[in-house]
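Asks: First, the structure itself, so that you have it in front of you.
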Amino acid sequence: MIAARSPIQSFLSFFLNIHPHETYSVFYSTSSFFFVLSAYFVVLPLRDEGAISLGIGNIPGLFVGSLILTLIAAPLSTLIFSLPNLPKAKALVLIHRFFSASLVLFFILWALSSPANTFPTFKGFFSVSSTIKDEIKIETEPVSTNPSDWDKHGWFYISVRIGFFLWVALLNLITISSTWARVIDVMDNESGSRLFGFIGAGATLGQLFGSLFATAMAWVGPYLLLFAALLMEFAAQTSKRINKDVSVPSEEMVSLRKTKVDDQDEINEPDSSDHKQSSSPIASTSNLDSTKPRFWALLDGFSLIWSSNYLLIVSLFLFLGAITSSFFYFQKVTVIASTVTTPTERRRLFAQINSFIAVFILAGQLTLTGRILTVAGVTVALCSAPFISFLNIITIAVWPTYFSVALSETIRKVVTYVVTRPGRELLFTVVSQDEKYKAKVCIDVLVQRFGDATAAGMYKLLYSNLNGKTTHISLYAMPISILWIFTGFHLGRRQTQLAKSQNLSFS
């Protein structure tokens, strides 16, 4: 007798091929990403506008500061997942709630550091408060590119804007990476190929919602932080339900895997030197739950990465991608800062760009991601974003206008989040549980920040030496994109071998 489908499964079946036991894990994973990304994109325009108010010349330095903060925070996040008496689902909830509380704190600090130095009232939700009025009135001066010009602001104002910029970057990396680690832990390579695109679409829908909300409510300024804090609490509530459904019979799972394996050609066993710690995600249940938390657990992520050639190549892939992405970010911010002077309009423009990009990403994730990953494979997915970035560099070098920068940024992000990002998450479906929770967080967070800081230093040096010529600056990123393409190609083939070997072990 066939059980009736639940309403959630019936809805999800319109978009993807989903098995009954996957329904709730996919639904709550998608919902959690929706709320996390909504919160991030609600506050992102406020963060960027605050950074611009300090001077364009100081933004690369903020990326270096973000790296230092990440070096401290990332190991602590791995320690949370190492606590033997703390379930991983609850650890993820605590991370989300911690950042939710921090946003409320930054709301208070932002209000107190405003030029009028008055605490806003709830009337600000219905009419522009005196704090927001003063903020707009004072910051309508043209943005300076001279780093020394931030002395015109008070130390409290500067400290809050710097701290908020660094904190939002940390929120973005740690919450997203930790949530992906949980999602990957309850899925395997086969289910990930089918479902990661839809789960990613939840994140993109959150980006669209958050950007549209920030566009419409740009005038409320710091009040956006309170709404973002509420969204992070919703993320905490949904993330606690991201669990593997153990009610599905093991015979069904074996049958699904065996069917998958029967369609594949036999391959040679991978060289163990490529993955010294484990060749499958269940190779060891890990010391995660069997050892007492200790100080050295903070360094477990680094140890796992260093002992695995596979994870080292994954780190290189993300490092090169972060450098390229940051180059495009600096170009976008430089153009906007030179053309828009008021903080409200800058917030609105940043949010409009994010909304425009999100529409195309969402359409692609709902219609293309699953098919591309299933048909073309992870190698094509990993090489797509590097190849598009290479073409974008050429485009900006030949046609250095704001329109070309905006168009290139849109295409690059669409390809990244529709194709390459889901493929990147598949890289971690063939590693152990330790590596999913410890090494992945270190790679996603620390390597990303190292790439950002490297790009910041390079861009600041090139910007000053080349007199801000976008054409010449872009050309220096071309060798990085070429190396990124070759790294993605090699990494995709290696992941495919490990995935096939893993499937054969289940047969």
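Glycine is treated like the rest: Cβ placed from N, Cα and C.
TrEMBL feature annotations, pasted as is:
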TRANSMEM  26-47  transmembrane segment
TRANSMEM  59-81  transmembrane segment
TRANSMEM  93-112  transmembrane segment
TRANSMEM  154-174  transmembrane segment
TRANSMEM  195-214  transmembrane segment
REGION    254-287  region 'Disordered'
COMPBIAS  278-287  compositional bias 'Polar residues'
TRANSMEM  310-329  transmembrane segment
TRANSMEM  349-368  transmembrane segment
TRANSMEM  375-399  transmembrane segment
TRANSMEM  473-492  transmembrane segment
Asks: So are the transmembrane segment (59-81) and the transmembrane segment (375-399) touching or not, going by 3+ C-beta pairs under 8 A with a sequence gap of 6 or more?
Replies: no
Asks: Residues of the same chain, at least six outside the transmembrane segment (93-112), with any C-beta under 8 angstroms of its C-beta?
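Replies: 36, 39, 43, 77, 80, 86, 118-120, 131, 156, 160, 163-164, 167, 171, 174-175, 178, 221-223, 225-226, 228-230, 232-233, 235-237, 239-240.
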Asks: Residue list, the transmembrane segment (349-368) vs rest of chain: Cβ under 8 Å, 6 or more residues beyond ends.
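Replies: For the transmembrane segment (349-368), the sequence-distant neighbours (Cβ-Cβ under 8 Å, at least 6 residues beyond its ends) are 15, 41, 44-45, 48-49, 197-198, 200-201, 204-205, 207-208, 210-212, 214-215, 218, 332, 336, 340, 406, 409-410, 413-414, 417-419, 422.
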Asks: So, do the transmembrane segment (195-214) and the transmembrane segment (26-47) meet, by the test of 3 or more Cβ pairs under 8 Å (sequence gap 6 or more)?
Replies: yes
Asks: With Cβ distances under 8 Å as the criterion, find the stretch in 26-47, 154-174, 375-399, 473-492 that has the most pairs with the transmembrane segment (310-329).
Replies: 473-492
Asks: Looking only at residues six or more beyond either end of the transmembrane segment (26-47), which have a C-beta under 8 A from one in the stretch?
Replies: 8, 12, 18, 96, 100, 103, 164-165, 168, 171-172, 175-176, 179, 182-183, 195, 198-207, 209-211, 213-214, 218, 221-222, 224-225, 227-229, 231-232, 234-235, 238-239, 241-242, 346-348, 350-351, 354, 358
Asks: Under an 8 Å Cβ to Cβ limit, what residues of the same chain, 6 or more beyond the ends of the transmembrane segment (375-399), are close to it?
Replies: 317, 320-321, 324, 328, 331, 405, 407-409, 411-412, 415-416, 419-420, 422-424, 426-427, 470-472, 474-475, 477-478, 481-482, 484-485, 487-489, 491-493, 495-496
